[in-house]
Amino acid sequence: MGMLALGAMQLAAGAVFEFPSCPKDIPFSCQNSTAVADSCCFNSPGGALLQTQFWDTNPPSGPSDSWTIHGLWPDNCDGSYGQFCDKSREYSNITAILQEQGRTELLSYMKKYWPNYEGDDEEFWEHEWNKHGTCINTIEPSCYKDYSPQKEVGDYLQKTVDLFKGLDSYKALAKAGIVPDSSKTYKRSEIESALAAIHDGKKPYISCEDGALNEIWYFYNIKGNAITGEYQPIDTLTSPGCSTSGIKYLPKKSENSTASAWKFRSDKASQSVRFN
């Protein structure tokens, strides 16, 4: 999805602009040649934001014709990352926070498209906010004009959902003839090209488990803050997590299927595994 379309989607979602205006000439994150002092208008060090998605089949999660949300992660410009950046803003009551903010529609959507494939949804949402959301510097409480407690939590979750809605991976793959099948296999280049078509031609990261496609990461640089700023698609900063060919794309509820355990995130660049 293009940058203008993302901006229109933000307006359509009814976002309340509670952040100070950012300078028009501020650079995109990770694209600056000199240091940028305005920490509320420039995402740093986590200047590469990733909208990440799961395809869980055993047990299945979410609708059979849709990928599901993993999260929104602020990676550093070199592909490294921070985690659990503010213990004082770690929460264990995401559902209650959203209800208090009147975000019932968001909560309903999350229950359908942001499930924990094996466990409690609330625990999953808490983990994503506590580990990743607290590391986005442009949504810290001091960046709001009129801050109310936990406002940034609801904004983070809403932004994650908004980005996900603009990245329909299932339809993008299907349009290219790539559909879930118990026996058919695909080339990595075919999958990457199909997904790049909804990401301004920029290649996402794809991951496989036991030869089966199970995760996608879409990368962005941001101009302005992470909620109201302009999102610019960029190519993946991480090496592919699937082989070049013979990739399975299994139907949900398949007996010979794989599950993307949300607790783990593979860093293919360093061949390490990290809690996610």
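Counting begins at 1 with the first residue displayed.
Placement of Cβ uses the backbone N, Cα and C atoms for every residue, glycine included.
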Can you tell which of C30, C40, C135, C143 Swiss-Prot lists as bonded to C85 through a disulfide?
C135
Determine, from DSSP, whether C208 (disulfide bond) sits in helix, strand or coil.
strand
Under a three-state reduction of DSSP output, how is H70 (active site) classified: helix, strand, or coil?
strand
Please report the distance from the Cα of N93 (N-linked glycosylation site) to the Cα of H70 (active site), rounded to the nearest angstrom.
18
Taking the Cα atoms as reference points, how far is C135 (disulfide bond) from E128 (active site) in Å?
11
According to DSSP, C143 (disulfide bond) sits in helix
C22 (disulfide bond), Cβ-centred 10 Å count of other Cβ atoms over all protein chains shown, is 18
